[in-house]
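These notes are about the structure you will find just below.
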Amino acid sequence: MSKLSVVILAAGKGTRMYSDLPKVLHKVAGKPMVKHVIDTAKQLSAEQIHLIYGHGADLLKERLADEPVNWVFQAEQLGTGHAMQQAAPFFKDDENIVMLYGDAPLITKETLERLVAAKPENGIALLTVELENPTGYGRIIRENGSVVAIVEQKDATPEQLKITEVNTGVMVSDGASFKKWLARLDNDNAQGEYYMTDVIGLANQDGFKVAAVTADDMMEVEGANNRLQLAALERYFQRKQATALLLAGVSLADPERFDLRGELEHGKDVEIDVNVIIEGKVKLGNGVKIGAGCVLKNAIIGDNTEIKPYSVLEDSSVGEQAAIGPFSRLRPGAELAAETHVGNFVEIKKAVVGKGTKVNHLTYVGDAEIGSGCNIGAGVITCNYDGANKFKTLIGDNVFVGSDVQLVAPVKVNNGATIGAGSTITKDVAAGELVTTRVPQRHTADWERPSKKK
């Protein structure tokens with residue numbers, strides 16, 4: 001049986017989060033917990049992903065609008081068995097159905113593949129975990145390797161309480177069997193709910209074999225019911241990613257102070273200082289150095305470039321042998337060529353900057369093209385917006401723009417031109433020209449400053 005579908009339980013409110021956000025939308029590594037689970041289901045090549053939703057329905061659908069899921073509404077949350085009953089009409093008899101939880105984001109493809117492989121031809125397979133302190137969890141009771149029961153803490157004998165293997169709730173069986181067992185579930189218990197743990201008893205009654213696979217790491221199956229548990233998942237996940245990067249040759253100044261909230265592709269001899277955040281898809285070339293406190297989102301950085309402390313780069317690219325920062329901001333559409341220098345308190349947006357050009361201090365460059373070998377002085381502003389529309393500034397090669405210059409777009413400064421400090425440029429500048437628009441300097445001898453009136 002090669003066909004497989006996944007059911008993700010995501011209808012809970014998450015009262016202990018004390019939040020208006022549905023629990024499964026709280027994030028780990030910058031991504032909603034349920035999105036992690038959906039991505040894992042995709043890795044399994046699931047034919048269908050049934051998402052059981054309830055609380056925060058509109059918000060959940062909005063945030064996951066692009067996901068290929070079958071939305072299954074659970075009006076009342078009456079237990080895990082009740083949630084599965086809502087999805088049962090969509091099950092195909094001859095496919096495996098894997099049940100997952102939207103608030104347990106760290107489950108891996110490899111563990112689930114082991115679980116599916118362990119499922120008997122006629123039977124069910126559970127994912128279990130070994131805990132040093134299993135207090136409060138349902139114990140796995142085995143006979144001859146097969147699971148015969150899950151005994152809750154309050155019902156366990158002293159001997160059963162010594163068992164450290166516990167139920168995670170993750171399981172797999174074929175669609176036909178699940179539909180049969182789900183139809184027989186009842187809510188004859190103190191909570192008046194339908195539980196998937198009762199399916200194990202039904203399977204044994206029917207003579208089906210119940211297999212179990214133990215997760216290698218308990219954190220894979222940990223859920224988050226409150227923000228403390230959410231923070232623990234975040235730290236574990238970040239530590240795991242940092243470990244992988246260190247083993248791949250990336251130098252992290254302090255693995256405990258590094259956050260990867262997306263995908264990082266890197267070359268050799270990359271150095272990352274403390275409190276750096278990586279978001280989206282980021283590519284770092286060989287010998288790249290990232291300073292403390294930087295944030296990189298969807299950025300490409302060329303070989304041997306240094307991003308100095310507290311710089312923010314988003315949807316932008318920087319060529320090789322460049323220097324950015326400290327305290328620089330590259331906004332979407334910034335494309336910097338090799339050997340460029342961008343200094344402190346410079347903001348660049350939707351602009352191309354040519355090879356070797358320097359923009360060193362206190363400058364805004366937006367909607368512009370700047371050639372190679374230019375010097376853009378301190379306090380230069382490309383005035384690109386008239387309150388309604390954006391206009392472009394074009395600067396050729398080897399242009400020198402002095403300090404405190406305003407370039408009022410649309411305007412073009414051609415190759416080799418020089419703009420004197422303090423000028424406001426409203427007309428095109430020809431190649432090789434020197435342009436100044438300063439008011440002539442006046443001198444008044446023997447000037448006396450006004451004195452305060454008594």
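Cβ from N, Cα, C; glycine included.
Among the candidates SER317, SER328, SER403, the residue that Swiss-Prot annotates alongside ALA378, ASN384, TYR385, ALA421, ARG438 as binding acetyl-CoA is SER403. The DSSP secondary structure for LEU9 (UDP-N-acetyl-alpha-D-glucosamine binding site) is strand. Averaged across the region 'N-acetyltransferase' (249-454), the predicted model reaches a pLDDT of 98. When other Cβ atoms within 10 Å of the Cβ of ASN225 (Mg(2+) binding site) are tallied across all protein chains shown, the result is 14. ASN384 (acetyl-CoA binding site) is 15 Å away from ARG331 (UDP-N-acetyl-alpha-D-glucosamine binding site) when you measure Cα to Cα.
Maximum C-alpha to C-alpha distance over the listed acetyl-CoA-binding residues ALA378, ASN384, TYR385, SER403, ALA421, ARG438 is 23 Å. For the pair ARG438 (acetyl-CoA binding site) and ASN375 (UDP-N-acetyl-alpha-D-glucosamine binding site), the Cα-Cα distance reads 20 Å. When Cβ neighbours within 10 Å are tallied across all protein chains shown, the highest count among the binding-site residues ALA378, ALA421 belongs to ALA378.
ASN375 (UDP-N-acetyl-alpha-D-glucosamine binding site) counts 17 other C-beta atoms within 10 Å of its own C-beta, drawing on all protein chains shown.
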